[in-house]
2 protein chains.
Amino acid sequence: MKTIRIETTNHAYPVLIGSKIINQLPKLLIQTGISQKTKILIISDENVAPLYLQVVVDQLNKFDAISYVVPAGDVSKAIGEVEKIITYAIQHGLDRSSVILALGGGVIGDLAGFVASIYMRGIRYVQCPTTILAHDSSVGGKVGINHALGKNLIGSFYQPQFVLYDTSFLTTLPTREVRSGLVEVLKHGLIADRQFVDWLEKNADSLLHLDQEAVSYALKQGIKIKADIVMEDEKEQGIRAILNFGHTLGHVIETLSNYQYLHGEAVAIGMFFAAKLAAKLGWLSKEEEAFYQHLLQKFKCKTSIPKEYDTNQMMNIMLRDKKFKNGQIRMVLPIAIGQVKIEQNIDPKFIFETLNELKR
Amino acid sequence: MKTIRIETTNHAYPVLIGSKIINQLPKLLIQTGISQKTKILIISDENVAPLYLQVVVDQLNKFDAISYVVPAGDVSKAIGEVEKIITYAIQHGLDRSSVILALGGGVIGDLAGFVASIYMRGIRYVQCPTTILAHDSSVGGKVGINHALGKNLIGSFYQPQFVLYDTSFLTTLPTREVRSGLVEVLKHGLIADRQFVDWLEKNADSLLHLDQEAVSYALKQGIKIKADIVMEDEKEQGIRAILNFGHTLGHVIETLSNYQYLHGEAVAIGMFFAAKLAAKLGWLSKEEEAFYQHLLQKFKCKTSIPKEYDTNQMMNIMLRDKKFKNGQIRMVLPIAIGQVKIEQNIDPKFIFETLNELKR
Ligand SMILES: NC(=O)c1ccc[n+]([C@@H]2O[C@H](COP(=O)([O-])OP(=O)(O)OC[C@H]3O[C@@H](n4cnc5c(N)ncnc54)[C@H](O)[C@@H]3O)[C@@H](O)[C@H]2O)c1
Ligand SMILES: NC(=O)c1ccc[n+]([C@@H]2O[C@H](COP(=O)([O-])OP(=O)(O)OC[C@H]3O[C@@H](n4cnc5c(N)ncnc54)[C@H](O)[C@@H]3O)[C@@H](O)[C@H]2O)c1
Ligand SMILES: [Zn+2]
Ligand SMILES: [Zn+2]
C-alpha cells in the first residue's frame, strides 16, 4: 500500500493506494476520528453500486451505513440530484457529525463532495475512487456540479478526510474508460516529470491491462504531481493553470462531438495539438513532437481532429473559454518532454494552421 | 462612522456602521481590491429594492452593476431561487472576478452569501444590511438557505469582503421588524455585557424611534459581542452555543405559531423563559428575573406563552431540537444580568413547570 499526504492551508489528509485495501476502511475511519455507529451516507452510481456497494457496506458493519444511488454519468452532477440527496439525508437523520462516502468515479466524487460541503454548512466526507480519472479529481479539493449553461459552474473548494483507492475496483472499468483515465496520468507526467514519462512509455501495456502494481505506481506518481502543483496554488491564481494542458482544444472536441469523445480521448488530441503547435513555434524539436505521437499511440489514443470540424468554429469556441483572459489566446505548451510553459500571446495564425494540419 | 474589524482564521474584514454612509461604497470597493468596471450583481428583495436599489446603483456608476430582485421573506431562501440567480448570473457574464452585493435583511444576506460561496467555486461578496436583525447575520460567516424539511439546513461558512451598514436605511423598517431586531441586540447584551444592558435599558425609547446615534452604537456593541464569541469558536464547537440564548423555546414558538411570531418576538419569550427557569433553579435572583421582564417590556416585547399551546408538545419539539445532544436537555441559562452558562442536565420537571407558569 502506498500513502501520499496532501497538505492544504487548513487541512491535511492521506491518499492510500493499493490492491484489495478496502478492508482498511473501518480502521481509517476510526483513525480519522469517525467513531463507530457514526451515520455514513454512501453515494454511488448505477454502474458502480451493483459491483461494489455491498463490499463497502460489509466493511461498515460497525457503523450506521445507508446509501443513495444516482444515475451514471455527468447528468447526475445537477442541482436536482443535489436536492434529492439532501432530502434523503435529512429524512434519514444525517446530522453534523455524520459522514458522506463517495464510491465511484469523478462524477460521484464531485457530486458527493459538493453535497458534503453544503449539508448543514459542511460535514465530513471520504472518497473511494473507482476510476483512473478520479486520481485527478480526488486531489485539489474542487467539488461541484454542472449548470444547464455550462460544466462545473457551481461548486466549492472542500477537502476530504481521506482518499482510499482500491485499485482492484478498476478491473471492471470499460476499456475506453481505462484509456481515457490514463491520459490524465500521461498529462501529469508530460507537464512535470520526464522520468515518469519514460516509465509510462515502457509500462503502457501493463497499465492498459491494469497490472495492479503498475497502476498503483502510476496513480501515486500522478497524484503526487497534481498535489505538488495544487499545494503551491490552492485557489488557482497562477501555476495551477498548467494542469489545463491539452484541455483547451480538449473541451472544444468534447463540445463539438457532443461528448461522444470521452474526456481523456479529447485531452489526448489537445496535448498532441499543443506539442505540434510548440514545434511550429520552435520550442519543441521535431523528435519531441514525434515522441508525443508515439507515446499517445502506445496508449491507444487518437491524435487527429475529425476532418469535418470547422476550424473557424473551433477557434471561436477556444476564444470563449474562460481560461482565455481578455480575448487573448493563452495556452499551456510543452517546451520539452516533462516540461510546459504558459504562453500569453500566440499568433492565431499558427493555431489555425496547426488545427488544419491535425485534421484527418 | 464606526468601524469594527472581524478576524477569522483565513480572512479579516471591516464592518462600517453609520448614518448616510452609502456614499462610502465605491471607495470601500476600491480599497478592497475590487477595481472599477468590475461586474457587481446586487441581490435584493421586493420590499427593499424600490426603496434603496437605485441609491446603491447610483453609487456604482464606475462599476458594471446589475441587479436581481427576489420575493421578500424566508420563502426566497430556497434552492429554486439559488438556481434562478445563478442562471441569471451566467447569462449576464458574471465571472470569477465579479462580486455579489447583498442589499437587504438577513434573508438576502444568507441567500446572496450562499450564492457567492458556490458560484464558480466561490466569488467575493459584500453586505449592505437593511434590517436591525441583520447585525446578527452579517457576522459569523454563516450563509445558507432552507429546505422544505427544515430551516438553514443547506449552507456554508463564507465571509464577506466588508459590511457597510447605513443606518438611515433602517428608518423605513416596519415597527414590528424594528422591535424584533432589537431583541437580538438585547440578547447580545444579556449574554455578555452588563454595562451594555444598562445602556440599552436607558435608551430603549431612542432605539425604538431609530435615533441614528443610538442605533449605530447599539449595532456596534451587538456586533462586537457576537464577533468576539464567533472568533473564539468559528465552527460551533463550544462557546458559540451561548448565542442560542432564548432560541430553544423561541423556535418552538415560531413553529407552533406557524411563523406568525417574528424571530425576535419569539426569542424574547424564550429569554424570559430562560430567566424564569434560572430563577427557579436558584441561579438568578427574583430581582434579576423581574429586571428581565421590565427590560423586555420596555422594548415592547411580550413575555408570555399563548395559553392554548400544549406544554407536552412544546417539550417534545424542544427535545427534537438539534441543539440537544443525545436527548439531554441542554440550555443556555442566565446566572446574572449580562452572563449566561450552558447547562447540560436540567430536570424536565422544572422546564415543564416554568412553561406552564408562562402561559397566559
Ligand atoms: N474535481 C476535479 O478536480 C475534477 C478533475 C477532473 C475531472 N473531474 C470530473 O470527473 C468527471 C469524470 O470522471 P470519471 O471519468 O471518473 O467519470 P464517471 O464517474 O462518470 O465514471 C465513468 C464511467 O465509469 C463507470 N464506472 C466507474 N467506476 C467503475 C468501475 N470500477 N467499474 C465499472 N464501471 C465504473 C461510471 O458509472 C461511469 O459510467 C467529470 O464530471 C469531470 O468534470 C473533476
Ligand atoms: N446567518 C446568520 O448568522 C443569521 C443570524 C440570524 C438570522 N439569520 C437569518 O436572517 C433572516 C431574518 O432576517 P431579517 O429579520 O432581516 O429578515 P428579512 O431579510 O426577511 O427582513 C425582514 C422584512 O423587512 C423587509 N425589509 C428589510 N429591510 C427593510 C428596510 N430597510 N425598509 C423596509 N423594509 C425592509 C424585508 O423585505 C422583509 O419583509 C432569517 O432567514 C434567519 O435565518 C441568519
Ligand atoms: Zn481533465
Ligand atoms: Zn436569532
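Backbone N, Cα and C atoms are what each Cβ position is placed from, and that goes for glycine too.
Curation does not apply to TrEMBL; its annotations are automatic.
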From A:E184, A:E343, A:E353, A:E357, the one annotated by TrEMBL with A:H247, A:H263 for Zn(2+): A:E184
Three-state composition of the domain '3-dehydroquinate synthase C-terminal' (A:181-323), taking helix and strand from DSSP: 104 helix, 1 strand, 38 coil
Nearest-integer angstrom distance between the alpha carbons (Cα) of A:E184 (Zn(2+) binding site) and A:I108 (NAD(+) binding site): 18
Spatial separation of A:I108 (NAD(+) binding site) from A:H263 (Zn(2+) binding site) - C-alpha basis, Å: 16
Distal contacts, the transmembrane segment (A:99-120) - CB-CB under 8 A, six or more residues away: 29, 34, 38-45, 48-49, 52-53, 56, 70, 72-74, 76-77, 81-82, 85-86, 89, 126-131, 133-134, 136-138, 142-145, 152, 154-156, 158, 160-161, 177
For the domain '3-dehydroquinate synthase N-terminal' (A:68-179), the number of residues DSSP places in helix, strand and coil: 44 helix, 34 strand, 34 coil
Euclidean distance between Cα atoms of A:H247 (Zn(2+) binding site) and A:K151 (NAD(+) binding site), Å: 13
Distance-selected binding-site residues near ligand 1 (C-beta under 6 Å), from A:G106, A:T172, A:E184, A:H247: A:G106, A:T172
